[in-house]
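Trainee: So that we are looking at the same thing, I have put the structure below in structure tokens.
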Amino acid sequence: MGERKRHRILMVSDFFYPNFGGVENHIYYLSQCLLKLGHKVVVMTHAYQNRSGVRYMTGGLKVYYVPWRPFLMQNTFPTFYGTLPIVRTILLREKISLVHGHQAFSTLCHEALMHARTMGYKVVFTDHSLYGFADAGSIHMNKVLQFTLAEVSQAICVSHTSKENTVLRSGLPPEKVFVIPNAVDTAMFKPAPTRLSRHEIVIVVISRLVYRKGADLLVEVIPEVCRLYPNVRFIVGGDGPKRVRLEEMREKHSLQDRVEMLGAVQHSQVRSVLITGHIFLNSSLTEAFCIAILEAASCGLLTVSTRVGGVPEVLPDDMVVLAKPDPSDMVQAIKKAISILPNIDPEEMHNRMKELYNWHDVAKRTEIVYDRALKCSNQNLIKRLSRYLSCGAWAGKLFCLVMIIDFLFWHLLQRWQPAEDIEEVPDFVLSHDQDAGISPDNKNQSFR
Amino acid sequence: MDSSMTESTFPTKPKWRKVVYGGMQPGFDDNHADESFLEDMVTNANVVKRDMLKVMQDSMSISQYLCIVALTGLVWIYTLRSTLNENSLLLLDVTLLGLGFLILLLTQEMLSLNLLLHYLLNVTFFTTGLYLLAPIYQTLTRSISSDSILAVTVSLLVLHLFFHDYFGSTVRTLGALNNPTLTSCISLNASVVASVFIASRLPSTLLVFAIMHFSLQVFLFAPLVTYCIRKYSFRLHLWFSFGLMIVTLAFVYALHLFLFVMFLGLLIIVTVVCPYWLIRMQEYKFEIHGPWDEAKLCFDIID
């Protein structure tokens, strides 16, 4: 096996630090591990408040905060062609060989992938979420996704359920869609140094308190469990519109001393909350992957979760108790979890998680996808247009028009600002030792 | 797929599992998909098999209401042409009011004097209010040309028909729980404005009062009455609709031949063509459900 090919990857998404969430985490850790593997990684996202321009993070990860303001839920305003000049400049400056977009509702990602395809780059797309097929919003999103994925070289999903969903939504052949899960930084989520006593059982909930995360299920489940087990206590972390309902429930059943509401929990504080509990309760109504479960399991907590989306695939059966998203079934599941709690050793659970999930493994698997993507053959505009045309009677023609205008715009730009005039960035190699890895301390330093 | 190539290097091939933990599964690529792919997908789970006769019967409510509105339009036209005078209009009002009450009382299970008194009191208020307001209505649109008023009235009626709640009743019987939807309120308001516009073209105050009383009776209470009939007996509802259709067609024929053909065509489209079309369209129905759907909560959320 000769010298491995070094990729030069541009990660594009609207979602990146300082924002927090599954996608942000995924991009950050994946980039760090790809850097370790010797690839060059550049991240492109939109500006966050006054964080605009180029920043460097741990391990020499270069981040372009493109000065486009988010207009809705951290998304940039869709302009189709507004981002072409800056995307082109970044691609040329950084001598990118492959563009990797993340998350289906990131407009920046869709636009960048479109421009990259126009300019003949290979693109990979990762889908982090699930969508239904019934409501108008989903129908629109599915059409947009079909447009982006019509030409994507390879796609990645975070779970098998997510893959099925993506294949249905976009009409991609299943063999073009890879399943590569998220992982968890097990070094960051260690169990408590001393084992907690079993006199009192603490159930931890950490999620945004919104409908989709099943906050209404919690309102039904918590009083019932408190009634059945006088030695159970709840800790609820997170904020959201449904917090009022939970507080009302607490008043109504006078559980003030048994249900603790922490409000919003910083991501850096999540571990310290998790290790105070025995059981982690996830009540989501839809979930493509659920990193929260991984974090809890890594801290040695037994997980009780609703059986939705990709959740059943995430953990082995002996590490999680699954239930239907209905209050009585969830109470049964908590009962079961309390009964098997004496057999759970947090330290052992943590060690198992170390073997099950690893960001380096994720990066290696993603590398294979990149290799595949680069092997795909190049196609000329006419051939590509025919693929868009097959996307639908009206949508197909619309997609073609969008692509043709993009193509013309690109040629205009090439006249106006020839590629030779764009200065290339010299590569520098950071002499990092392997141990000073991707731990959160280093990461936080880069913010301050 | 590449998995078939790697297969030979593993003599005892472990079974592929649909899980994401534990890294890449030995012997399988990440893009592997076996026969369990999409096996949890359910298509057309909630599709109701419709049969032609049932859809046609259901469409009767629509044609019935179309007839009611057409009859109202006819009364308006005859009044504007001075074919109907004050006395005959008032007689019509009283007859309709009495008939409506009779039907309401006969079809409602609990027939009580209290309810009747309640209704009577309301009707008295309504009539008095209308009588007092009639002079204002009469002069409301004096500065606007009749053509514009007619055009606006017709558009408002079309709007009314478009948004009308054909299977319920915006005005509820006592103790009904559901609130009317926004569209049915828009529809009701459009019809009331149309009646005011028509009334404002009439020469005398009494005529204005009579026509307003008539129109409001029809638009406010006809849906309620037909709703009660339908709830009481579906057969009666069908016969009533048939009768209404024949009467309306006869009156429209007497008015104008072209309008008659148009109206007949409309009724045929509503009762025959549209149901047939709907049944044919069912073939293209393709609903997808699967584990990726958001779970539905099986209890009500009371905020």
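Going from the start of the chain as shown, residues are counted 1 onward.
Backbone N, Cα and C define each Cβ position, glycine as well.
These came from TrEMBL, pasted as-is:
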{"type": "TRANSMEM", "residues": "B:59-78", "note": "transmembrane segment"}
{"type": "TRANSMEM", "residues": "B:90-107", "note": "transmembrane segment"}
{"type": "TRANSMEM", "residues": "B:119-137", "note": "transmembrane segment"}
{"type": "TRANSMEM", "residues": "B:149-168", "note": "transmembrane segment"}
{"type": "TRANSMEM", "residues": "B:206-229", "note": "transmembrane segment"}
{"type": "TRANSMEM", "residues": "B:236-254", "note": "transmembrane segment"}
{"type": "TRANSMEM", "residues": "B:260-279", "note": "transmembrane segment"}
Trainee: Using a threshold of three or more Cβ pairs below 8 Å, and leaving out pairs closer than 6 in sequence, do the transmembrane segment (B:206-229) and the transmembrane segment (B:119-137) count as in contact?
Mentor: yes
Trainee: With the transmembrane segment (B:236-254) as the reference, find which of B:59-78, B:90-107, B:149-168, B:206-229, B:260-279 contributes the most Cβ pairs under 8 Å.
Mentor: B:59-78
Trainee: Grab the same-chain neighbours of the transmembrane segment (B:260-279) for me: Cβ-Cβ under 8 Å, and only residues 6 or more beyond its ends, written as numbers and ranges.
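Mentor: That would be 50-52, 55-56, 59-60, 62-63, 66-67, 70, 245, 248-249, 252-253.
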Trainee: Out of B:59-78, B:90-107, B:206-229, what stretch is closest in contact terms to the transmembrane segment (B:149-168), meaning most Cβ pairs under 8 angstroms?
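Mentor: The stretch I would name here is B:59-78.
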Trainee: What parts of the chain pack near the transmembrane segment (B:59-78), using Cβ distances under 8 Å and only residues at least 6 beyond its ends?
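Mentor: Same-chain contacts beyond the ends: 84, 89, 92, 157, 160-161, 164, 166-167, 198, 211, 214-215, 218-219, 222-223, 226, 230, 237-238, 240-241, 244-245, 247-248, 251-252, 255, 263, 266-267, 270-271, 274-275.
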